[in-house]
Amino acid sequence: MAETAVHFHEEKGGTLMFSDNHKISLRQMQALFCFYFLGTASLFLPAELAEGSGRACWLVMLIGGLLAAFFSLVLTYLGKKEPTWTVVEWLRNTFGGVLGSVLAVLIAGKIAVDAMLEVRIFTEILRSTMLPHTPLWLMVGTLLALSAFGVARGIEGQARGAEILFFFVFPPFVLLLFAVALTAGEAYFLPVQLPKLDGLRRGAAYVQPLFQAMIFLLFLPPFLEKPEKGQKSLFAVCLLTTFLMTAATFLCLTVYGVESLSHKIFPTVQVMERVRFSGIFLGRQDILLLWFWMVSAFLYVSGALFFGSVCCVRLCRQSGQGRRYWLLLWVPLLFIGAMIPQDLAAAYDFRNKIQPIFSALTTALLPLLVLGVRIVKERGKHRETA
């Protein structure tokens, strides 16, 4: 069952205030997924694509983003067909109770592993750049505790925060991209190179972590105010993310060239250092991007905790209130998992080599299979009644 939606609290003067921590609007959903998509992967992506695809890196980003947008239509179509279902109900209805539950557990495991790697990569970068003397366990524990607190009462608080922050982050980011374009000198992207098959394959593995939050769409419909209209809204978010990262990759290539770009650590941040608006905007534009990245990572981990606990509640057929108790299991689970990789390189390597395979299974092949079985069943019913 869906989580109880209504919370009341009393303020001074005896006035009762209504708060719905269960449903979010389409605009809030769009803001949330904009932050979900542009997490830690956005920092490394241009350099990774340049190393794997050469001058065709920006085209690989464009193709990968458009493919993600296509599969978002499939995922949101499931929610449009059955607005009260999550993937748990879809799998049980399609493959039976036992096999459907096993597949749902695998999806929960995918969410957990993605979140573990995101936490470890985020804290390692933060530790190496800003807090070198802070123990890793303390940073991991603090991030998970804050993330769990943020979604303990539901997803609405997160969504409202993302909706507000969106207008402080994304318009300046677009302006910075234009400003960087004006500072570009020699066009290192010329001559234009079309991606080769091997470059597309390697590039897909690098682009996948950017859209890893698409797995949340399998659980989102019951928490949307208008799930029947979510398809176009999420498709627009995927296109926006694709445009921003394609533009960022193209500008990084234009500014640095393939050889230099492939050796950059955080090219998306470093390219912003070329721009200065002292006295008008910010003296350090890269700080804006780092702040935006930290917010994105926090929101993503919070989302993983929320939707992971929702999956457990649906699997056990509990009431929505049980989700808070599942958080008590998810937080230590993610903490232990985040501490397992030997270092940043190990976590990063696993995410780029292993996770894309599971992402293809859980957010592409499995939804298509479920949708195909549903269509076959519906046609069979029509023939029986005809």
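Residue numbers in this text run from 1 along the chain shown.
Including glycine, each Cβ sits where the backbone N, Cα and C put it.
Quick caveat, the model's predicted, so the values are computed rather than measured.
Listed in TrEMBL:
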- 29-46: transmembrane segment (TRANSMEM)
- 58-78: transmembrane segment (TRANSMEM)
- 90-113: transmembrane segment (TRANSMEM)
- 133-152: transmembrane segment (TRANSMEM)
- 164-185: transmembrane segment (TRANSMEM)
- 205-224: transmembrane segment (TRANSMEM)
- 236-258: transmembrane segment (TRANSMEM)
- 290-313: transmembrane segment (TRANSMEM)
- 325-342: transmembrane segment (TRANSMEM)
- 354-376: transmembrane segment (TRANSMEM)
Positions whose Cβ lies under 8 angstroms from the transmembrane segment (90-113), at least six residues beyond its ends: 78, 82, 215-216, 218, 304, 307-308, 311-312, 314-315, 330, 333-334, 337, 355, 358-359, 362, 366, 369-370, 373-374
Segment-segment contact (the transmembrane segment (354-376); the transmembrane segment (164-185)) at 3 or more Cβ pairs under 8 Å: no
Maximum Cβ pairs under 8 Å to the transmembrane segment (290-313) - stretch from the list 58-78, 133-152, 205-224: 133-152
Chain residues in Cβ proximity to the transmembrane segment (236-258) (below 8 Å; excluding those fewer than six residues from its ends, i.e. six or more beyond): 30, 33-34, 37-38, 42, 45-47, 49-50, 54-55, 57-58, 61-62, 64-66, 68-69, 72, 173-174, 177, 180-181, 183-185, 187-189, 210-211, 264, 267-268, 271, 274
